[in-house]
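Chemist: Structure provided below as structure tokens; questions to follow.
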Amino acid sequence: MSEAGVRRLCAANLLRGCSVLLAATAPRFFLDGFSVLGTPLTWLCACSVSVSALSVVLNAALGPSPPPRRGSLAHKVGFLKCCMYFLMSFGRAFLSLNTFLFAVLLSTFTTLQCLCVLGPNIQAWIRVFSKNGAMSIWDNNLQITTVCSVLGAWFGAFPIPLDWDRPWQVWPISCSLGATFGYLAGLIIAPLWIHWNRKQLTYKSR
Amino acid sequence: CPCCASPRMMPRWPVLLFLAWVSLLFAAGLGLFLSGFLLTRAELPQRSSCAEPPGPGPGPWPWRGQRPPRSCWLPRRFARALLVLIDALRFDFAAAAAARGRPRHYHGKLGVLRQLAAAQPRHGRLYRFRADAPTATMQRIKGLTTGSLPTFVDVGSNFASYAIREDNLLAQLVHNGRRVVFMGDDTWEGLFPKMFHRSYFFPSFNVKDLHTVDNGILQHLYSTVDGGEWDLLIAHFLGVDHCGHKHGPDHPEMAKKLLQMNEMLRTLVERLGNDTLLVVAGDHGMTDTGDHGGDSEKEVNAALFVYSKTPLFGTDPPEEPEVVPQVNLVPTLALLLGVPIPYSSIGEVMAELFATDGDAVSAALQQLDVYHINANQVDRFLRSYSLVAQDLPTEELQQLQDIFSSAVEEHAQLVAHVQEEKPSSPELQARLGRLLGRFQRYLREARAVCARSWARFRPLRMVAGCALIAASCLLCYVASALPAAPDSFYRSCLLAPLLWGLAAALLLGLACAVMQEGLDLLVVSSWAAAVSQVAFFWRWWGRQPKRAHSASSHPPVASISLRQRLQACPALAFPMGILLFRCGAMFSDSFVVAEARVVPFLLASLVALLVGKLHWDGRLTVPEGPRQQLLSSSSYRKESWHLLYLVAALLLCVRLSAAFHQCREESPQCRPSLFLAPLAGLRDARAKNLFYLACVAALVALVCAVRRWLRHCGNLNGSEPAVLFVRWGFPLLAVFVACYWAVASSAEDSLGKLQELVHVALVAFPWAVYGLVGAGLLLVLCKPVTVFAKDTRETAGPIVTPYLGVASSEVDFLHVIPQIYRRMQESLKSHLERGGCGAAVAAYGLGSVYSAALVIALTLLAFLLLLLHSERLSLAFLLLFLEAFVLLHIHARARSLAGDPFSVPWYAVISWLLAASQFFYSTGHQPIFPAIHWNAAFVGFHLDHSTNLLPALLVGANTFASHILFAVGCPLLLLWPFVCEAPSTQRRKARKEPREELHEEEEHMMEMRLREAPDRFSAALLQLGLKCLFVLGMQQLVLAGMLMVPHCACWARRFLFEALGFVVSSVCLLLGILLVMRVDCAVSAWFSRLQLR
């Protein structure tokens, strides 16, 4: 684990965090009456698009794994597989627009990140999400952000039955907000955690 | 051989006794809590009548000369009254703003009241109106009309509807030919069905809605007042209350609302006729957060304003507004309007309203007359009440009686005195004053006595009950965490506390006998419970240091155990966290309302967490070889995929079960599931037929699935009575149930002669089902062994292949896995070989003999409970069985991947009980009284019940159906991993290399492993039971704790249901464990018989 790697990770996370914040604020300048709580669906779209675009770009620019040869058959098949996995991760969410957009957002925070880092390799996914499976700081980062996003979405469900009468207390707004905050928290926690445990982190195959 | 040769039984009685003892501890705590919390009161059916005034008739005073028409008991003062109820009108909303302090939004907005009281002091007056606990609107409406102190559970009331059965003001008015018009809160519709001359109801459940009710009333109020077709007009405004709930009292919205009320009152006063009395009242107050329900000062302090265009009062008002208890309004209004006081009223008339004209003496005489009637009426009520119920203390009643009789005597003397001479002397005035004081004292004390026993919580009992429940929970936790220890410990930890408890009970009983006081069974039993708990903890503590000491003497052991404990921590933390969420969800009213959706969510989360944890620990993946590590990838085992499929199936079940939910009254936009209504109500014949077919299909599927499972386990071979019953009795039961549904759903269409036949069938089919189920349960209890033994003494070899002796040949061999009890076979073989010949006994289904009996019993119970529900809920029951099956399989898989099969982990227990409460909701129930399925009481009966016991049983079984099924099935959690362990490995082995089966001996033991280690078996059963009781008890504890906090009275109904469910669950849990023990007994007997052969 090199200092440069950690620095690159921090930069990437900073960029990702900025993209989330940007998605919440920037559309105000183009769209009249845009606000996160007022027009949640637009915000969901904006957030998913910006985060996924950034992830793809980041993966191309400073990705941890050497990109496969361009134009090769394997690359194309891999890309198709990626798309398939991404779509599969929506589950049966096509029934309503709300649920669909939430699924897109959560997939952006979880599945898409996995795809960018690990590629369409189920075995690698299984490995990364087990106890001693992380083999680089990128894996650790992935673990933490993904788990944080899912946990955030889970906790986001709790305010729904409460009678505070707030506009965001509806499915799936509170869950989306929870997932977003969880993701942001994960982006912050991951470098800190890696920094904290840098003595213990000795990756097996380096 | 450890099991067949040794008839060493597992220690049964300590286990059962321990569990029963713990259940009793909980029950004592619950009982104590409920006795402190549940205000109860008996309702009397008597009604006052105009012709029979209480006591001797009124005396011949001159002011009675001009008796107006249509007056009872006393001449009426007003022809009509206008009662404006403003919900949650606290006293300081009506009073002037305080001189000091920050001005509040609610201050000084009802100016019209103060102006009227100041400008016309003899026409209007403001009072403090003191509400009684519980300050919930429904109870207050009851109190305001019956003049009594309603409680949460009025014994004798009909739970199905809220209608008031007691004598009340409205009933008296209607009975005496007056017209009552109502507008406002639709709670009144349920309370007084068909009593109003005219009514305008508006929905009240949506507390967010500040204006619908109020604006609706205002639309009709003035025109109705002007129209004059009424004698009592009640307008119940809800805006202030809803505003309090939504924003709190100190909010600009509240100011707007109060100003609106002010405007309304001003307009009303302008339109008031001379013969009309205006009463403005709040039914209760509110706290600073806008809640109500408890008995804090701000909640009970409401405002009352009385006004009329003719002078009302003979004297000027006192400096400080008087305090008037809420019940006093009823007798006052009744006598002012000239109707009898309702029979159960315990209020005191507001005497100043009855003395207007004449000098002081004649005013006093008028008041005396009113008091006399009032006192006689209260005395009559107290006497008839003490005949019915014994909850009023006798010595206090005796004291009251003394005051009353002396006052009446004095009254009689005074009447004689007055009749003799014209009264005007100051001496007479003094006597009159004293007598008035006596009557007043009598009435006040009578009300105080009633309030003491009806309307006051007993906090000491509540705290003690809570403490008992908490201690029992701790006890469960501690005892379940004890190592699967020798029974000596349980015996020592059980016997001593029991003895201590019995001794305490005896001592208390003796003390009571010596002191000659009434023996309160509840108090005695809770003292005994407390003492026995102390004894238990004493014992446990006594053992604790020893263990610590012994551990410290072996440091490595201690460090290992410490590390293990640390590792076990997260494993414990997940399920406990979910339990915490479950309990925490009860703190919020909204979560209690949404519990039907919260519980499945938590269940799904728990199972997902379990799988995630297993994955994280790498238990699902193939153990990594060095080559794989290089590839840095891992893949799932085949079993892991099975586990994932099972989780998917569980999520599907949870999702589907949401289709059967009932609605609560708090969510008006919710529509109840269409599966809840009985088929008979369906108009569309085709839909009816389709649904009927679906229901029958569900029945058939249930029977087939159960039979298939039993066959799969090998328990459907041979001709044991229980096996025969499963073969023939189950289909017969299904046919009976289907016939009953057919008859019940088309009963109305049948014609003429068929009608009688249908009536017979409606009774006969349910009774056939009851009978068959009863017979089946008896059979399972008497002969629970469903093992088919095939004796093959002649064969030389000990090999038993799956092909041999298959009882039902049509079954393909994949599904008949004869469960062979090898160890026994071996021993028998050696035993017989010593005797000189080779032999073997193949026992089919021995490996799942415990669970088979439980499954049969559960299916029988399910048939019974199915019958009590409406037809279409059979789909929900099918789903219930499916989900339970999936849960058990997930548990078994998870166990096989990790862990010791002898202890049931927390997650399994918690998920099982979560599923139980999930299906409480998914069988169309809600913890509210109107949602109870009362129809269940008439399945197999024709609207004639001689006793209350049977219908209560039927309705209870209907309501707690899922609690019953899951509690009885609880031991399956322990058995299932053993049942599931064999098939996958054995089948492969059996097919490929039958010769090597001997090496796989351990694989085939299944449930016989439990029998092999009777001590561990009993300890595991005990632990399972204790864990269940702990989880159930925690929910009780949280709810009980919530109820201790004031303003949380709305949890009362939820708590009642939870407490009843707890009792049902614990009893059924004991029954389930008892059944397992019975099977164990029978298996032992079976073995000994086999050996004799």
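Don't overthink the numbers, they just go from 1 along the chain as shown.
Every residue, even glycine, has its Cβ placed from backbone N, Cα and C.
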Chemist: Suppose you had to name the range TrEMBL annotates as transmembrane segment; which of B:580-599, B:960-979 would you pick?
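Modeler: TrEMBL lists transmembrane segment for residues B:960-979.
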Chemist: At a C-beta cut-off of under 8 Å, are there same-chain residues at least 6 beyond the transmembrane segment (B:690-710) that contact it? List them, or none.
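Modeler: Non-local partners: 679, 682, 716, 726-727, 730-731, 733-734, 737-738, 741-742, 745, 786, 815, 845, 852, 855-856, 859, 862, 866, 871-872, 874-875, 877-878, 881.
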Chemist: Using a threshold of three or more Cβ pairs below 8 Å, and leaving out pairs closer than 6 in sequence, do the transmembrane segment (B:757-780) and the transmembrane segment (B:960-979) count as in contact?
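Modeler: Taking Cβ pairs at least 6 residues apart, the transmembrane segment (B:757-780) and the transmembrane segment (B:960-979) are not in contact, as fewer than 3 fall under 8 Å.
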Chemist: Among B:521-541, B:722-745, B:841-867, B:904-921, B:1059-1087, point out the range having the most Cβ pairs under 8 angstroms from the transmembrane segment (B:757-780).
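Modeler: That would be B:722-745.
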Chemist: Are the transmembrane segment (B:841-867) and the transmembrane segment (B:722-745) close enough that 3 or more Cβ pairs fall under 8 Å, when only pairs 6 or more apart in sequence count?
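Modeler: When sequence-distant Cβ pairs are counted, the transmembrane segment (B:841-867) touches the transmembrane segment (B:722-745), since at least 3 lie under 8 Å.
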Chemist: Of the stretches B:15-39, B:841-867, B:873-892, B:904-921, B:1017-1039, which racks up the most C-beta pairs under 8 Å with the transmembrane segment (B:521-541)?
Modeler: B:15-39
Chemist: Within this structure, do the transmembrane segment (B:904-921) and the transmembrane segment (B:15-39) have 3 or more Cβ pairs under 8 angstroms, counting pairs 6 or more apart in sequence?
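Modeler: These two stretches do not touch.
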Chemist: Would you call the transmembrane segment (B:841-867) and the transmembrane segment (B:904-921) in contact, using three or more Cβ pairs under 8 Å, pairs 6 or more apart in sequence?
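Modeler: Contact absent: fewer than 3 Cβ pairs fall under 8 Å.
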